[in-house]
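Copied over from TrEMBL, here are the features:
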DOMAIN    497-561  domain 'Transglutaminase-like'
REGION    558-608  region 'Disordered'
TRANSMEM  7-29  transmembrane segment
TRANSMEM  35-56  transmembrane segment
TRANSMEM  63-82  transmembrane segment
TRANSMEM  121-144  transmembrane segment
TRANSMEM  151-167  transmembrane segment
TRANSMEM  173-192  transmembrane segment
TRANSMEM  229-250  transmembrane segment
TRANSMEM  613-643  transmembrane segment
């Protein structure tokens, strides 16, 4: 029987456990970094403590504690974890309750697919609230009610590990948090070791009389068990010293492998065609004058970025992904804003209305800070928005449509004048590795920069060469000179080997980016528009490059030559043999998902429309399925208790020995007495327990069991069958006069499933096998 605990000792337990749970909450802080998170965490800890202490004070069974905790979670969860849905700031609403329950299921995955910190965005505080409430409830309940309160340190440790797993890959205080958790856990264990030892010694002293018959009392109670305290302190000092020494030898970098580094992001740019592949579709007669976007707040001549292309495989320049090369960055959801405090430039607010533009890539400008969607689809577009901070590319799942709108706060970075390009030097930004570069392009570059040594001067010489040698032709009109679309290695080789260099922004941007990479500059291609006013038309489509520099960071450069008359092609000499361009096939181990795909402005094919009746039926089944899943999760612990008791009963009744069957029948009855709430004396004999249960049949059953166990003759197998029949009748008698609720409480009671009973159950099962 578990000895009674004083209020003071439980208060000490709660204080230490609060420190441990506070450390777990601190490990979750980098995920939120919002003052409201402190209220959420504090409310969860206080609520969990109150429910646990009330359950211990009034001896609530486990399922009552669970039901009360679930009610507290619903009542407090909306104002604390979904504050935007609370009525008046403190009353739960139906929408808030739905978001709260949804956050229990989906919030964990969303935390891994959104950029940090998330603040109080939508229902993403729900995982932290649920974790801290559960950890507090379990730890305080174990400390106040369990036979081994030392196990109460496990829930805070689990919460701490979960917080780390769902946190960022860089943490500000890795060593202090870990050492704090270690120290707090050791203090809790040492405290209970000392308290248990003190109680045992005092009980022994009181039970041992002195020479005059009076009970002995221990002296120096405060110093009792001091050796254990000192030993625990030494362990803590040694562990802390070893940890600090290890960090001195191998410094902690703060980076770690967590779940978000391995989880697959919902938006994968490889699922969509490269925007550059459809460059010339904007220039067709039916699209060239069509209004794509209207933008207010954009300075004249500023560039509108549609997508940044940083991955080239010799066939297509595409939007990269971290799943292929970590240098491409990751598309994640943006909960509030992106900190651009380190970017020097002009702050702007752009108001964009979508007209004829289509595609998943969201046009923007400058360094993105925040976005607010407007229009009828504003809420759905907010949930579908993803942003890659590494490349500055934004996207929305499902694409933009006519009538969509949004407002962007951004910073237009300061850029050097073209006259300063010769002083630029390469930066240190990571960019994905390139596929094979055409040999013809390398020869072309070498011939134009061989006499120069400065990286900036070589960059300027390369750009000047394109301006001097290049001509513009889209090849769409009959009077235009032929100009093949595409930007694979064969097309770029053709660009620099033909007698006339003819192409458009698609080819020149790719050629310039590849040559800038050869000069040592990290470079990438940007597809977008350069409107002359606030109206973006198809004719404004273009492409440029960005090179990373040590002086300015990423610098936008236009490599496209001016549009000028194209001279007539000179006839080739009879003996001159033109060198055919090299053709670089797609990499054999990486099939090209981008080639020959439709332009990005083409609307996505609508999925097959479901019949309305079928759609309604599927929606209803989904709601029912979610409801059944929630019910199954809630009832699972109770079903496990019932299953354990059924298994125990089966093992006892089917024991190989007759005496064991009879003894097991008595044990089954004794457990039923416990589960029905009878107070039994410790180490009670069968007769004493039968007296507690009352009635002649129980006394007869006790006598039969005692005779079978202690009598010298062998027990009759028929007696075992009669014993089990009697046990069934006695169990039914215990239920007489009880309400249905009381019978359910007895069915799921944990009193008979103590540690000894469980261990005995499994040992007996192993022997029977």
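Any Cβ shown, glycine's included, is placed from N, Cα and C.
Scored by C-beta pairs under 8 angstroms, the transmembrane segment (35-56) has its highest count with 121-144, from the stretches 7-29, 63-82, 121-144, 151-167, 173-192.
If you look at the transmembrane segment (7-29), the same-chain residues 6 or more away from its ends with a CB under 8 A from one of its CBs are 37, 41, 45, 49, 53, 56, 128, 131-132, 135-136, 139-140, 143-144, 149, 152-153, 156-157, 159-160, 162-164, 166-167, 171, 173, 177, 180-181, 184-185, 187-188, 191, 195. Counting residues 6+ beyond its ends, the transmembrane segment (63-82) has Cβ neighbours under 8 Å at 39-40, 43-44, 47-48, 51-52, 54-55, 89-93, 96-97, 99-100, 103, 122-123, 125-126, 128-130, 133-134, 137, 141, 634, 637-638, 745, 748 in the same chain. Listed by sequence, the residues of this chain that lie at least six past the ends of the transmembrane segment (151-167) yet keep a Cβ under 8 A from its Cβ atoms are 13, 17, 20-21, 23-25, 27-28, 30-31, 108, 111-112, 116, 127-128, 131-132, 134-136, 138-140, 142-143, 177, 181, 184-185, 188-189, 256, 258-260. Residue counts for the domain 'Transglutaminase-like' (497-561) under DSSP, helix first, then strand, then coil, are 18 helix, 27 strand, 20 coil.
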